[in-house]
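Read through the structure below, which is laid out as C-alpha cells, and then see the notes.
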Amino acid sequence: MSSAEGPKSGGGSKGSKSEASSRVRGSAPTGSRDLFVRVRTAKGRKASSTRWLQRQLNDPYVLEAKRQGLRSRAAFKLIELDERFTLLKPGMRVVDLGAAPGGWTQIAVERTRSLHPNGGKVVGMDILEWEGVAGATCLTHDFMDDAAPLMLKGAMDGAVDLVLSDMAAPTTGHRQTDHLRVMGLAEAAWYFAEEVLAPGGAFVCKVFQGGTEGALLTRMKKMCEVIRHAKPPASRQGSPEVYVIAQGFRGLSGGEDTGRDES
C-alpha cells in the first residue's frame, strides 16, 4: 500500500528568485492561489476525473510540492506534524511504511540528515515497485511478511527510533468500509512497530475516524507514554483522516494502561 496522496513526481517550475530565496525546501505553502483554474470535461473523461484534475490544479500544496521537488503533497503533512511534535531529529533511524511515491521518505532523509556523515538512517518500504530516494534504503517488500521486521533491523543495524505510516487503501466511497480498511492497515503497522521500535521510540499513523479505533488505542496506551491525535493543515477539507502520534515506547512489558491520551 502506498501513501494516499498519489504518484506525483518532483520537478515543476522554479519560481521567482525572491520566492525561492524566501522559503527553504520542505516548508509549507504560504498564501493561496489568486487565479482559479477551471477544467472542462473532455470527451471520454469522466466527470469525477475532471473534478480531480481541477482540484489538483488549484491545490497550493500540490503546486508547492512540484516547486520544491517533493513527490507528493502528503509530504507537507509530515512537515506539519514534525513541526508540532518534534518527531524527526538528525541521527535518527526511521522507517516509512507504504512509502511510495516517496514524499514522506524525502522529508525523513532531510530532517535526519541521512545523506551526511554520522547522520541518520532511513528505510522506505512498500509492496509496490517505486523509485528510490537518495539517502534512504528503499525496499520493495510487504511489511506484513513475517520476515519483514528482521529484514528492517538488518538494514538499520538495530532497532528503529520512529515508524511512519501514511498508508490508506483505495477508497470505496462507503465511509465505514473505508474506515475499516484503513484501520486494518493501521493495526498491522502498529504490530510491526512493536517488533522494531527501540525504547523511547515513536509511531505516527494515519487512521480514518469511524469508531473502531478504540481497541488499537488501548493497546498503544499500554506500551507508550503519551498518545496524541492531530489533523495537519495539509489534510484536505472533508477528509476523515487523522493522525495518531504515539511517543515514549515502552514495549510489550509496558503493563497496565498508563499512557496519557492528550488528544
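Start at 1 and count along the chain as shown; that gives each residue its number.
Backbone N, Cα and C atoms are what each Cβ position is placed from, and that goes for glycine too.
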Query = Which residue of D142, D145, D178 does Swiss-Prot report at the same S-adenosyl-L-methionine site as G102, W104, D126, D166?
reply = D142
Ask   = Taking just the CA atoms, what is the gap between D142 (S-adenosyl-L-methionine binding site) and K206 (active site, proton acceptor) in Å?
value = 18
Query = Relative to the Cβ position of D166 (S-adenosyl-L-methionine binding site), how many further Cβ atoms are located within 10 Å?
reply = 27
Task = For K206 (active site, proton acceptor), find which of the binding-site residues G102, W104, D126, D166 come within 10 Å, Cα to Cα.
result = D166
Key: For G102 (S-adenosyl-L-methionine binding site), the three-state class that DSSP assigns   = coil
